[in-house]
Structures are given as structure tokens and as C-alpha cells.
Amino acid sequence: MSIEIITGPMYSGKTTELIRRITRYKLCKKNCVIISHSIDNRHDDDNILINHDGFKISHDDFIKTNILINKIKIFDKYEIIGIDECQFFDSNDLIIFCDTLANNGKKIIVAGLNSDFNKNPFKSIIKLIPISEKITKLQSICNFCYNDATFTMKKFNKDIIIEIGGSDLYIPVCRICYNENNTIN
């Protein structure tokens, strides 16, 4: 059917938008599931998805995993499949999974960061763009000047590219503030 991407920096509302879209389809009696990578520790338990604002959605069909393609048959019963924090999944696994299911009539809604704190794109997003029907890029609010923020800046531990954290570790910033303040240690 189709693949939709929701992307942007930290605190731009990607998970919130994913939850909103899935909820709309659930109201239309569609069979929906949300997948999150098992590395994501924002979840209270296996049946609750929570965003950085603390908004929770209880979801009977919520799956945490680190590998997608070997579980593809599990998703036959679902019409709408949401994937949160896609940057944590292996990019080839994610692409094959999304493309296969979309080609078999499923709507896939993928949410993930547009880039790491060095402004390097995540392969999962880059590889999804050519096979997607819809891309939504969200913005946050700059932590310094309160203008629109399109980048994520890491406060410390800058030698570790993938590190799970919240506002204790990452902040959204605009281009100017990224360039002026990217030496925070």
C-alpha cells in the first residue's frame, strides 16, 4: 500500500505524531500495531508506548524487537504498522521489512530521527526516502533562542554516536545555535 516517514530532531513530536496517526486508524476499526526497538527504554512495560513529554498510550498490539524481517509473518493480521525510533533498526532489515509489507497492501508509518548530533543522517531514513510515498519533517523549538530547531545537539559523551537519553543528554537547536554552542561538554 504505502510507506510514510515522520522525521525530525529530538523533541519535535515524532512519536506523538505516530501515535496520533495510529489512533486515527484504530478509530476506523483498522488492525494496527506499533513496533519499537528493544533498545528504547522509555517504555514502562511491553504494552505502553511513551513519548519524551511523558504522554503514554496503552496499546494491546505493541511489539518490542531488534530484528524485523524474521518476524514478518507476525504482521499478516495488521493493516497499519507503525515503527517508532527507526534509527535503531538495521537499515537493510528495515528497508526489506517496510518494502515487503507495503508491497503486500500494508500501510507502514515510520518515525525516527533525521540525523545524529553531528548532523550525519541515519541510514534507515536515507534508504527509506526513495521507497516512501509521504515524508513529514517536523521541527522542535531551539533550546537557546526559541526559534524553530531542525538539529539535535548532544551535551556530552560526544564520542558515543548512539546513546539512549532524553533532555539530560540531548537538546534541539536551530542552525545558528548549533554552530555557536556545539562545544558544550
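From the backbone N, Cα and C atoms, a Cβ is placed for every residue, glycine too.
Sequence-distant contacts of Pro9 (ATP binding site), defined as residues of its own chain at least six apart whose C-beta falls under 8 angstroms from its C-beta, comprise Leu113, Asn114, Ser115, Gln139, Ser140, Ala149, Thr150, Phe151, Thr152, Pro172, Val173. In this structure, Pro9 (ATP binding site) belongs to neither helix nor strand by DSSP; it is coil. Taken from Swiss-Prot, the feature ATP binding site applies to Gly8, Pro9, Met10, Tyr11, Ser12, Gly13, Lys14, Thr15, supported by similarity to another entry.
A sphere of 10 angstroms centred on the C-beta of Glu85 (active site, proton acceptor) encloses 21 other C-beta atoms. Annotation note: Glu85 (active site, proton acceptor) sits in a coil segment as assigned by DSSP. According to Swiss-Prot, the active site, proton acceptor annotation covers Glu85.
Sequence-distant neighbours of Ile162 (substrate binding site): residues of the same chain at least 6 apart with a C-beta under 8 Å from its C-beta are Gln87, Phe88, Asp116. What Swiss-Prot records for Phe117, Ile161, Ile162, Glu163, Ile164, Gly165 is substrate binding site, and it gives similarity to another entry as the kind of evidence.
Taking the Cβ of Cys177 (Zn(2+) binding site) as reference, residues of its chain lying under 8 Å away and at least six apart in sequence are, in sequence order, Cys142, Asn143, Phe144, Cys145, Ala149, Met153. Residues or ranges marked as Zn(2+) binding site by Swiss-Prot on the basis of similarity to another entry: Cys142, Cys145, Cys174, Cys177.
Figure note: comparing Cβ neighbours within 10 Å for the binding-site residues Tyr11, Phe117, the maximum is reached by Phe117. The subset of binding-site residues (Gly13, Lys14, Ile161) lying with their Cα within 10 Å of the Cα of Glu85 (active site, proton acceptor) consists of Lys14, given in sequence order.
The two recorded residues Tyr11 (ATP binding site) and Cys174 (Zn(2+) binding site) have their Cα atoms spaced 13 Å from each other.
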